[in-house]
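Visitor: Sharing a structure here in structure tokens format.
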């Protein structure tokens, strides 16, 4: 990897040898300067555009520029777009969440809090239950303390979501138009017959589409590379053992007999490296075709026309694979194809591309069932805590100070238990999503966010509701279950309070991050006596990684919980608003000061979260208003029924398509420049991400960079250069190039990219 970077920046062989001499993954003690350079190169920050890359400012570990421009804490969200639109759109969604919560507070929350606080529900309670009703903090601001009819609606929030749909679509289009990437010219094709060969695929997708000719520039075949990845994992494990052996030798300790010697380990690693090289060189005969490929055309309009030709959806291809023939679509042989614009190169999980749509659907059903099983376990734990509370209530005198203290303690224990269960759910759902083997990281993150958000909401909001209203003993009415000591009001309010503090506080007090700080100081302090390898030191100096799926899931869970209980406990909405403000600034601080740079992502995840959660939040809001009115007043106002009807209709109809017909969402302009003109600026491309082609592809790209970006005395004219590019791309399918340095380049993190 290092040699390739130095070729691009123009370093001489002697300089390259000098750089290789100062960098070694297994070196002890590690060089602090290189670890700090790696920390800067992987930090979430812009690359300084005013510097020319040379051997002094490129990280020798990952090949990323180490001269950066730190982003100010008060920067605009669009300044994050250098890493794709994903991060910028998440913060935009966070801001919208704060706006919609504040809008509810401004419209009706303040009035409801005032009316509820002046209510006297306890004075209207039957004398036999009067001793159980207390106008404490939990009940005073609750709807159950208001004995008058609720007669207002919040339809305005519905129109705000319509505006936000337009807003997020326009932002995504603007960010997409601002950056020209390989994905703009490319399509991803699924369900090609497994026995199809490259020449046949190339010929088929070079024909005219939509009555227009196309110019195919690159065909990247996805193979079933699980054996390759397993072998590479074995190599990494042996390298870890070798690291331990070197550590023991450095400390002068005896190596256990169960561990192979250093010489044997190096020999085994070399043998695996040769076998990996052989697999790469003979990939077409060793690996099976996955039925998926990525095709790049010379113009984005050509790629769009191909997508328009193949109209089968993923579900229709699933039906076809299940035996329900779908003959109305254009086919490759007898197969219906699912064709879409390609995701970003770094977004694809190449090892998962051999899984059919039918198999993925089956795995998704299994993981959903496993998630429900975990929810059932959580329900059992909360039920046990509720049973304990009933036992204590029976054995303690009513109205005593001991009863109030114990009930409050159990309420806090219940809210903490819910947080613990949510953490366990999050970890298990991540494991489940990995079993689904999604084709892209965005699909994986969306799956995690869907499951995690809904599961944590069910555990936090719905299970609490069921236990308090329908399982508690000695309850004469539903409203009593809400306002009694230790009832639903106190449980929900305590959840509001803990949710307003814990999400952002736990991110700031990150134990893993502070442990990394400790390791960094330890490495610096030990100096020449440090036992860590260079690779371990580099990892210690890296910032924490960003997980958008968990961020979206936690935020959407909070919004769903808030709007379900907003009519019952309007003061809880204020806690949520404070929480969102704290979360925004905490996550922004962590992003620009601590976190490492993730792989570039597009707008797909943000759009999926808006499409799934926004309508669901509105529906839950209306259902909550209707339910709490019915429980509290034994009737529901006509405006509340109207609000529920609007929300249900909004949830069921394809609102995105309707909005597109009514409101101008902007035009997603096709890129005017051609692939031939822009490909030299693509620091990320599909063949350079595919594990079995990345070495040869990087070598070829570097060679073109040398001949075009840094021309020698025999420079070509512009026309000659363009013609060379065209011939080169078309020949990529059949031209075989052996890698220069496969051992080094394979060891880089697959989320990092070569930049020049």
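Cβ atoms are placed via backbone N, Cα and C, with glycine included.
Given the structure is predicted, the values throughout are model-derived calculations rather than measurements.
Dumping what TrEMBL says about this protein:
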- 87-114: transmembrane segment (TRANSMEM)
- 184-352: domain 'CSC1/OSCA1-like cytosolic' (DOMAIN)
- 357-599: domain 'Anoctamin transmembrane' (DOMAIN)
- 365-388: transmembrane segment (TRANSMEM)
- 400-421: transmembrane segment (TRANSMEM)
- 454-472: transmembrane segment (TRANSMEM)
- 492-515: transmembrane segment (TRANSMEM)
- 559-586: transmembrane segment (TRANSMEM)
- 606-624: transmembrane segment (TRANSMEM)
- 636-653: transmembrane segment (TRANSMEM)
Visitor: Would you say the transmembrane segment (606-624) and the transmembrane segment (87-114) are touching, if the rule is that at least three C-beta pairs must lie under 8 angstroms and be 6 or more residues apart?
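Guide: Yes; at least 3 Cβ pairs under 8 Å.
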Visitor: For the transmembrane segment (606-624), what are the same-chain contacts with Cβ under 8 Å, counting residues 6+ beyond its ends?
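Guide: Long-range Cβ neighbours of the transmembrane segment (606-624): 85-86, 89-90, 92-93, 154, 157-158, 161, 164-165, 168-169, 172, 446, 449-450, 453, 552, 556, 559-560, 563-568, 640, 643-644, 646-648, 650-651, 655-656.
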Visitor: Roughly where does the domain 'CSC1/OSCA1-like cytosolic' (184-352) sit in mean pLDDT, to the nearest integer?
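Guide: Value for the domain 'CSC1/OSCA1-like cytosolic' (184-352), mean pLDDT as a whole number: 87.
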